[in-house]
């Protein structure tokens with residue numbers, strides 16, 4: 001029990017007897033945005049107090065005056081020291097700090113997504129059992145899309161986030177009577193700070209007076225930054241100058257051109273940028289005007305305001321805000337055997353700023369990533385590719401022990417591509433399960449970006465190495481299916497190859513010319529149909545043989561003239577019927593002989609005359625002509641077309657964006673009206689259909705032996721033969 005008269009200090013530790021310890025001395029320091037720290041020097045008649053009975057136990061230190069409590073301090077024991085023993089008492093030292101101290105023992109790495117800062121802080125506090133926390137915030141914090149605690153203590157993480165938001169914290173020890181529970185108070189302003197009774201300044205009193213006064217008070221001003229400018233960048237609005245500035249309004253004659261500029265400002269929107277900038281300036285100027293002093297007022301507490309009176313400088317007679325206080329109490333008579341029978345004393349030393357200023361903490365540290373890290377791409381169960389409209393993916397870091405390896409493993413991460421422009425460039429999305437290399441912009445763990453991809457023991461390269469070390473390949477994998485597309489380069493000497501594999505369709509679109517030169521053979525196998533549509537002319541030159549084998553029917557429709565010219569023989573054989581039909585006339589011309597033969601009859605026309613032979617020759621004796629099957633040529637089907645991506649405006653550039661393939665309508669059947677010929681009506685040889693006589697006289701002919709001869713019957717040389725066999729230029733014979 002406290003004594004009825006005089007000043008006295010008592011301490012109670014956990015469930016131990018209240019009179020087990022007496023207080024010899026204590027020193028307790030309170031701070032804004034720092035842990036309180038108290039060293040208790042105790043004495044006890046018990047020499048064998050076990051540390052396990054004291055450590056992590058709650059402590060209550062009370063100051064009494066004439067049996068009435070003046071001030072109560074609370075906390076938790078985190079260090080216990082047994083000292084020397086005297087005749088009757090053993091000395092003990094105890095270190096006491098608020099329960100928030102426990103967060104400093106937790107060192108962690110984890111990711112918070114789409115949470116506001118107060119929610120993140122509350123999670124960390126509640127994990128350590130700190131449920132009595134008061135958030136006194138005037139500005140609602142913005143949601144953080146991605147926030148990483150990386151290799152830092154929970155306390156350092158909380159202090160860093162609070163400093164970025166411009167919050168300070170202080171510890172409330174409870175009321176004097178012990179009726180209120182202690183609490184942690186987190187605030188972004190000082191409007192609700194406790195207001196204490198005014199205190200008089202009396203420099204002559206010293207520390208011996210029983211009257212509560214401030215007996216030492218010093219005031220200083222410093223030249224600090226006058227303004228802050230902060231800038232950042234967001235890829236969602238790259239052209240926007242995401243910059244904010246703030247100018248101090250209480251410079252007290254200081255120059256205004258001292259600006260603190262920083263990039264990045266760690267904000268992605270104006271809603272956070274402006275308050276972050278203002279908070280940074282307040283933090284940089286939190287000691288621009290500061291006072292320090294000493295007093296014997298035990299109710300002085302950090303974060304409270306008090307008015308100073310009776311100072312000889314009227315400018316200092318104003319309201320002040322305490323930013324730190326060190327309380328010191330001595331009770332030497334507790335150690336009776338040492339002959340310490342001096343008086344019990346108390347005083348404090350404090351720092352304070354003018355109460356009309358806002359004190360904010362500076363960001364003391366920020367974790368920097370040492371370098372790139374590996375991660376695994378994640379996504380929903382059953383999916384192979386998971387991305388958003390920006391081509392971002394989600395990943396799981398090896399250090400993230402809280403990840404569920406799904407679409408919630410991380411926020412969306414941007415992916416570096418080999419080339420990126422306005423609707424052009426390179427695009428290859430990492431797929432679920434792929435290992436990627438993640439870098440961090442400015443070393444900031446909150447700004448990851450995928451800059452590379454790697455193989456590992458499970459995801460191996462497409463070809464065995466080092467066996468195929470000369471291969472360079474781009475090989476994809478069919479989405480939710482078997483197969484792949486591939487573009488492969490082989491650089492082994494004498495085995496060089498470019499290999500292209502399309503698992504389904506291969507679409508090529510050339511806006512202008514296409515030139516192809518093959519130095520050796522060309523092989524083409526089409527397992528189904530082949531369709532071609534040439535809207536202009538089709539020219540082909542075969543220097544050697546040309547062979548075609550058609551298992552079914554062959555149809556040829558020529559809307560203009562059809563010229564066929566052979567250097568030697570033309571041999572046609574039909575298993576059933578050959579039918580020639582002309583709308584006007586048919587001319588058969590031979591240099592030596594024309595023979596018509598059917599069964600045992602024939603008609604032969606040669607220079608010697610006309611020979612007609614048959615079992616019976618009928619001349620105007622009735623009967624009728626034979627008839628053929630008639631032309632039944634089938635029109636070719638049009639090939640598929642390539643159209644731009646659906647919904648896009650058709651431009652020269654968008655034609656390169658291949659999308660769905662459209663089947664052209666099949667051509668007309670036999671008897672249908674055919675399409676018109678070329679626009680200029682020309683034929684491959686430049687001759688009109690009725691010009692057969694002229695054509696035979698102007699061009700080379702073949703003699704009976706098959707030798708090419710000119711119109712005068714003379715054999716031609718090799719150059720003439722080559723000239724005759726070459727395709728005629730358009731407009732010539």
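Cβ from N, Cα, C; glycine included.
TrEMBL entries are annotated by machine, without manual review.
Which of 535-565, 566-596, 597-627 counts as region 'Disordered' depends on TrEMBL, and there it is 535-565. Across the domain 'Gp5/Type VI secretion system Vgr protein OB-fold' (388-455), DSSP assigns 3 helix, 24 strand, 41 coil. The average pLDDT for the domain 'Gp5/Type VI secretion system Vgr protein OB-fold' (388-455) in the predicted structure is 94.
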